[in-house]
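Visitor: Below: one structure in structure tokens.
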Amino acid sequence: MAPGEKIKAKIKKNLPVRGPQAPTIKDLMHWYCLNTNTHGCRRIVVSRGRLRRLLWIAFTLTAVALIIWQCALLVFSFYTVSVSIKVHFQKLDFPAVTICNINPYKYSAVSDLLTDLDSETKQALLSLYGVKDVLDSTPRKRREAGSMRSTWEGTPPRFLNLIPLLVFNENEKGKARDFFTGRKRKISGKIIHKASNVMHVHESKKLVGFQLCSNDTSDCATYTFSSGINAIQEWYKLHYMNIMAQVPLEKKINMSYSAEELLVTCFFDGMSCDARNFTLFHHPMYGNCYTFNNRENATILSTSMGGSEYGLQVILYINEDEYNPFLVSSTGAKVLVHQQNEYPFIEDVGTEIETAMSTSIGMHLTESFKLSEPYSQCTEDGSDVPVTNIYNAAYSLQICLYSCFQTKMVEKCGCAQYSQPLPPAANYCNYQQHPNWMYCYYQLYQAFVREELGCQSVCKQSCSFKEWTLTTSLAQWPSEASEKWLLNVLTWDQSQQINKKLNKTDLAKLLIFYKDLNQRSIMESPANSIEMLLSNFGGQLGLWMSCSVVCVIEIIEVFFIDFFSIIARRQWQKAKDWWARRRTPPSTETPSSQQGQDNPALDTDDDLPTFTSAMRLPPAPEAPVPGTPPPRYNTLRLDSAFSSQLTDTQLTNEF
């Protein structure tokens, strides 16, 4: 490049050119991209390399397209005046309904198994409270079935020897009277008092209980009750579970109530139903239970209307004459509303139904959805819980706790508790094979209540579940006006199943329905999501630094790509120079003086030499006199070229 052209280009580059006064559109765009706040346009100009420029062009055009698209949607939405109307008829799935008779087995069917136990129970009541003729008010069939086969004078009582009943007097601490022998005995070990379920105005001074010991009788625990009712029933239930645990399942099903016996009439959603719509579920403590709308059905029934007319209506035959007087002290049935894949814990959360009454249960559905980790410690399906599910049902907290306890029971006591399902390769506890199981069970249960087994720490709440809020109301049924004809009709309808005339204390009416179809959903959502986090970051960067996504990309390019690239190049160049110096031997020759074009001070690629640099130049050799005259400089038209480019600059002042 000629020296004059270089001076012209240098001045043109250094002097600012204002936008509207740029001579060409290209210069105007160049100025705009260099001075605009739109980061993408600026990066297109200042980026070095074709690939980077193409990437910045793509980023910028994509951002412009998104802006145009979103703005167009906003404008169209603003000027749209149409109205949309949605009409939705909601239908709710009807839950599964499990119904059990409070009395698990017909007394006439199990009386042969319980004869000795019932006889000793009656003798205990006679000795403790002077109660005579416990079964005299019952029909003759029961009296015959419950006749005593052993007396005090005959064979010694087997059940009272296994678990002796004791009478405690507060005035004599540490001693108790054995009600069978009448002798006082010293009580060693722990004494655990269980509060009574019956309200007392004044606490009795006498306590009734029983003692459980290990095999060697060295370690014992005594359980006392303030009410004799609770003590007798708890003592009776322990022996009852031991006896029934040895009965095969098929025989127990035959000893309990069939669906045709339990269900007198059935209606759902205004349509007739029968025993075929119910599924048998055998519960260890409640016998044969029957589930309506179970998961084994082909389709899950639903309802499209609320109210008692569009739910489940059944009349139940309770058959009070077949009740075990020592096992249960109330008459009626138990009902539980639950999901189709949920195990019915009828003994824990079931609702009792009275006889001679119409029980209406209105339901309201609530669905809960919780967030799993890291927001909470819930589980989706229980796969992350280190407890084996021994129930043939979906995971729940209650299933996990009972499964954990049953597993611990098998590990510690060598057998399983009768009221829960069997773990793999386990057997139910009984006296013959496991004489120590009662003491072990009570000790383990106390540790479970005190949360010492670790079950409460490993079991987690389910993340999603359904819950039905129940509202119960009662009405006398049947009324005195309709009692006569209604009972006669029901007796005639059930003549094939029931060989007696029905009375109202044998029957119970149940209505289960949705109060309305309003479903409440409780859903957890994170208070700070990733979208909200990015939005907050963008708001802060835009407010304080006028920075956007393109600005962030620009920062990444400069400080994480270019910055380290420069450092890498410098280090590489230093390494190359060091290697070159190491391989090249030092020169002993005196360097020749550089003159003319070899002198770096006269490099035409730089600016003109200053006065100081010019003084250091060697004297120029004498040049021959040219044979031609010097050129005419006015013919180069330098003035016109400078004037056209520098019209608004103060060129005269700067030079």
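Cβ coordinates come from backbone N, Cα and C, glycine included.
What you are looking at is a predicted structure, and each value in this text was computed from that prediction instead of being measured.
Positions annotated as compositional bias 'Pro residues' by Swiss-Prot: 618-632. Annotation comment: Swiss-Prot describes CYS100-CYS289, CYS213-CYS220, CYS266-CYS273, CYS378-CYS463, CYS400-CYS459, CYS404-CYS455, CYS413-CYS440, CYS415-CYS429 as disulfide bond. Residues annotated as N-linked glycosylation site in Swiss-Prot, with sequence analysis given as evidence: ASN215, ASN277, ASN503. Annotation comment: Swiss-Prot describes 582-636 as region 'Disordered'. According to Swiss-Prot, the feature motif 'PY motif' maps to 629-633, an assignment based on similarity to another entry. Sequence annotations record features per position, and here Swiss-Prot assigns topological domain 'Cytoplasmic' to 1-55, 569-655 based on similarity to another entry. Marked as transmembrane segment by Swiss-Prot: 56-76, 548-568.
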Visitor: Restricting to the disulfide-bonded residues CYS213, CYS266, CYS463, which ones have a CA within 10 Å of the CA of CYS440 (disulfide bond)?
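Guide: So the list is CYS213.
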Visitor: Run through CYS220, ASN277, CYS459 for me and report the recorded positions whose CA is within 10 Å of the CA of CYS378 (disulfide bond), in sequence order.
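Guide: Cα within 10 Å of CYS378 (disulfide bond): CYS459.
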Visitor: Spatially speaking, which of the recorded positions ASN277, CYS415, CYS455, ASN503 is closest to CYS400 (disulfide bond)? Use C-alpha to C-alpha, please.
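Guide: Comparing Cα positions, the candidate nearest CYS400 (disulfide bond) turns out to be CYS455.
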Visitor: Once near-sequence residues are set aside, which residues in the chain of CYS463 (disulfide bond), 6 or more away, have Cβ atoms under 8 Å from its Cβ?
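Guide: Spatial neighbours, sequence-distant, of CYS463 (disulfide bond): PHE369, LYS370, LEU371, SER372, SER376, CYS378, THR379, GLU380.
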Visitor: Would you identify the secondary structure of CYS463 (disulfide bond) according to DSSP, in three states?
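Guide: Once the DSSP labels are grouped into three classes, CYS463 (disulfide bond) ends up as coil.
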Visitor: Given the recorded positions CYS220, CYS413, ASN503, state which is nearest to CYS459 (disulfide bond) when distance is taken between Cα atoms.
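Guide: Closest candidate to CYS459 (disulfide bond), judged by Cα separation, is CYS413.
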Visitor: Specify the nearest of the disulfide-bonded residues CYS100, CYS213, CYS220, CYS429 to CYS266 (disulfide bond), where nearness means the distance between Cα atoms.
Guide: CYS100
Visitor: Find the one among the recorded positions CYS100, CYS404, CYS455, ASN503 whose C-alpha lies closest to that of CYS273 (disulfide bond).
Guide: CYS100
Visitor: Here the disulfide-bonded residues are CYS100, CYS266; which one has the lowest number of other Cβ atoms no more than 10 Å from its Cβ?
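Guide: If we count Cβ atoms within 10 Å for the disulfide-bonded residues CYS100, CYS266, the smallest count is at CYS266.
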Visitor: For the glycosylation sites ASN277, ASN503, work out the Cβ neighbour count at 10 Å and name the residue with the minimum.
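Guide: Minimum Cβ neighbour count within 10 Å, taken over the glycosylation sites ASN277, ASN503, occurs at ASN503.
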Visitor: Nearest to CYS404 (disulfide bond) in three-dimensional space, by Cα, is which of the recorded positions CYS100, ASN277, CYS289, CYS415, CYS429?
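Guide: Considering only the listed recorded positions, the nearest one is CYS415.
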Visitor: Going along the chain, which residues six or more apart from CYS289 (disulfide bond) have their CB under 8 A from its CB?
Guide: THR98, ILE99, CYS100, LEU280, PHE281, HIS282, HIS283, PRO344, ILE346
Visitor: Run through the Cβ atoms and count how many others sit within 10 Å of the one on CYS429 (disulfide bond).
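Guide: Excluding its own Cβ, the number within 10 Å is 24.
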Visitor: Cα-Cα, whole number of Å: CYS413 (disulfide bond) versus CYS429 (disulfide bond)?
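Guide: About 9 Å separates the two Cα atoms.
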Visitor: Taking only the Cα atoms, work out how far ASN503 (N-linked glycosylation site) lies from CYS220 (disulfide bond), in Å, as a whole number.
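Guide: Between the alpha carbons of ASN503 (N-linked glycosylation site) and CYS220 (disulfide bond) there are 49 Å.
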